[in-house]
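As structure tokens, the structure follows; a few thoughts come after it.
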């Protein structure tokens, strides 16, 4: 069939080298961000072309020393609140992690009665593979590795974001371009650290496991699937817990502050304002980081499992086997070049250039990555090879695999731009939602829901085309690498996504520090662009989750030795119905959790306004700590039931009803979960930007709906408040639900295949 051009030795050097380059690049970006000092200093004109780097505060006669000091204090309070919450959350999650690791060991070890004897390989009975006990031990270790990497990724992202918030605010005094670069560089630190760490830890784990498994690549990569399970388990709790935290604070701050008291967003008189800013970091930064890390880990594991039982694994072709890791390696280099376009090659000089600059990041990275995929497909793959396809080996050409990855990559771009069209206030859908506020909150809600439902159409077609083409060309392996293609530019995607909450917090700090209206306009412009890019990031996460879940589903069906999944079989059909219901159940639990926590927050904010003399006049200081505690306690308590629902469903269904019913549950949850997730995220994003459209008042149409405090604006605030838990809690968490159930089923597949279906065996 012809060998690959790239040798195994070069492959073993390239993958860790690219990961190290990514880590070094993130450190360079961090050093550049840290040059903005959170201490008073004199600012002299720059010498590059005579450009005068003056400060607005100096021009307007404000005391620069006090402004910088207040910014530093506020950032410190936000950072301490976020760190405290994450440590509390990780204590609870750590207990779960240890308990679930024991569960993995017991379930998988019991497949062969904890025997240490070698067993016939699943896909080739003529060969002997390592024992079930070894699989149990190494799956448990890889689960813990994935979980720890996910936790570290989320925590580092949060620390970097809180480090950059006030620095972005201070740079806004010099111009919108300077503030944009700081916010984007900070996002890039998170993006490259996460992408590089995820790749490096997975590569090291594979090489360490290989010392024991030797030629048993089937067993090795089956054990590695625990890495994806660990990553997604932590992502679920990070997303749900962080989402409940941020939205409880946000809804409480908005309902009492904006609607009842008619004070601006992020007003320092609002007791919930610090909790709201903390929430942006623990939900949108730490949660999103863990989420996309989970997607990356799972898509890599799905591709590796299928490859291990194809010609790459059978012939011990290391370079071909590592093709998914090589895609991610090239992605890091492509994203590095792309980032320089935003931070070094072009300078933003006006507000209107912000959103186009972020969109160019997506286009440039996709175009460069297409060339990178073509190159790596030509170098790393033999001209033809076989891919495992439900019991048979399908012959595939290297150019066919290139098309699989490329179609996933471009489908991600399509989903991103469709999401932007439906959530950006530059286009008619959001403007129509804003216009509907003329007649009150009810019509705003109706228009917003309709927009969300409609926004599902094109992304679903894009996902469907990706699935059809990639499966036709390379079976389930094609779908797995298509998902990797969509995530190959994860460093740029995360940089854009993290930029939003950093800009949002920068605006909050500007308001709380009493900075001038001109600075707040700049931070608002950065934030508005960030809102749209955050919606694009959620679109990528949901689209990749659909492909990842299907690839994991295919690996599960193969591993559980199911020849076909017949929906007319009662066992499967009841699974489909239950699976389709689970996203609704999960959404109900997370939204009610936000509602319960927000209720306590509203009562506390009202109490403070009513009982603290001088609070409304600004002569007394609110009790921020109580609001932070309400959000922390509520999120920790409320994240457990939704998490338990997702984690226990595959175990209960697989054990009691067997693999056929579980396959139905996985298919049902995938189909309904993707639709609800896209709709919820886009509806919430549209309501948010409709409110910002009215507040900004840039166009004659927007001015006719405003100003802040008008009836139209109050209706928009109510819509935004309803949308908050949809776009930041339920919607983003649903993509973890469908991925996590699929990867958990794959990890426990040997146990379900051997001992599952207890109820059907009894009757």
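Quick reminder: no glycine exception, Cβ is built from N, Cα and C everywhere.
Unlike curated records, TrEMBL annotations are generated automatically.
The feature transmembrane segment is assigned by TrEMBL to 13-33 (among others). Residues of the same chain lying 6 or more positions beyond the ends of the transmembrane segment (13-33) and with a Cβ under 8 Å from any Cβ of it are 6, 160, 163-164, 167, 182, 185-186, 188-193, 195-197, 199-200, 203-204, 322, 325-326, 329-330, 332-333, 336, 339, 343, 491.
Within the chain, the transmembrane segment (92-111) has long-range Cβ neighbours (under 8 A, six or more residues past its boundaries) at 132-133, 135-137, 139-140, 143-144, 147, 151, 226, 229-230, 233-234, 237, 636, 640, 643, 647, 651, 747-748, 750-751, 754-755. Summarising the annotation, TrEMBL assigns transmembrane segment to 92-111 (among others).
Under the heading transmembrane segment, TrEMBL lists 131-158 (among others).
Look at TrEMBL and you will find 179-206 (among others) tagged as transmembrane segment. Within the chain, the transmembrane segment (179-206) has long-range Cβ neighbours (under 8 A, six or more residues past its boundaries) at 15-16, 18-23, 25-27, 29-30, 32-33, 36, 142, 145, 149, 152-153, 156-157, 160-161, 163-164, 167-169, 171-172, 220-221, 224, 227, 231, 285, 289, 292-293, 296-297, 300, 304, 325, 328-329, 331-332, 335-336, 339, 342-343, 348, 354, 357, 490-499, 502-503, 506, 522-523, 526, 530.
Marked as transmembrane segment by TrEMBL: 321-342 (among others). Here the transmembrane segment (321-342) has long-range neighbours at 11, 14-15, 18-19, 21-22, 25, 29, 181, 184, 188, 191-192, 195-196, 198-199, 202-203, 217, 296, 299-300, 303-304, 307-308, 312-313, 357-358, 360-361, 364-365, 368-369, 372-373, 375-377, 380-381, 401, 405, 480-481, 484-485, 487-492, 495, meaning same-chain residues at least 6 beyond its ends whose C-beta is under 8 angstroms from one of its own.
TrEMBL lists 362-381 (among others) with the feature transmembrane segment.
Taken from TrEMBL, the feature transmembrane segment covers 401-422 (among others). Outside the transmembrane segment (401-422), and at least 6 residues removed from its termini, the chain residues within Cβ reach (under 8 Å) are 323, 327, 359, 362-363, 366, 369-370, 373-374, 377-378, 381, 429-430, 451-452, 454-455, 458-459, 462-463, 465-466, 469-470, 473-474, 477-479, 481-489, 532, 535-536, 538-540, 542-544, 547, 681-682, 685-686.
What TrEMBL lists as transmembrane segment is 456-484 (among others).
Per TrEMBL, the feature transmembrane segment maps to 540-562 (among others).
Residues or ranges marked as transmembrane segment by TrEMBL: 568-586 (among others).
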Leading stretch by Cβ pairs under 8 Å, where the reference is the transmembrane segment (540-562) and the options are 131-158, 362-381, 456-484, 568-586: 456-484
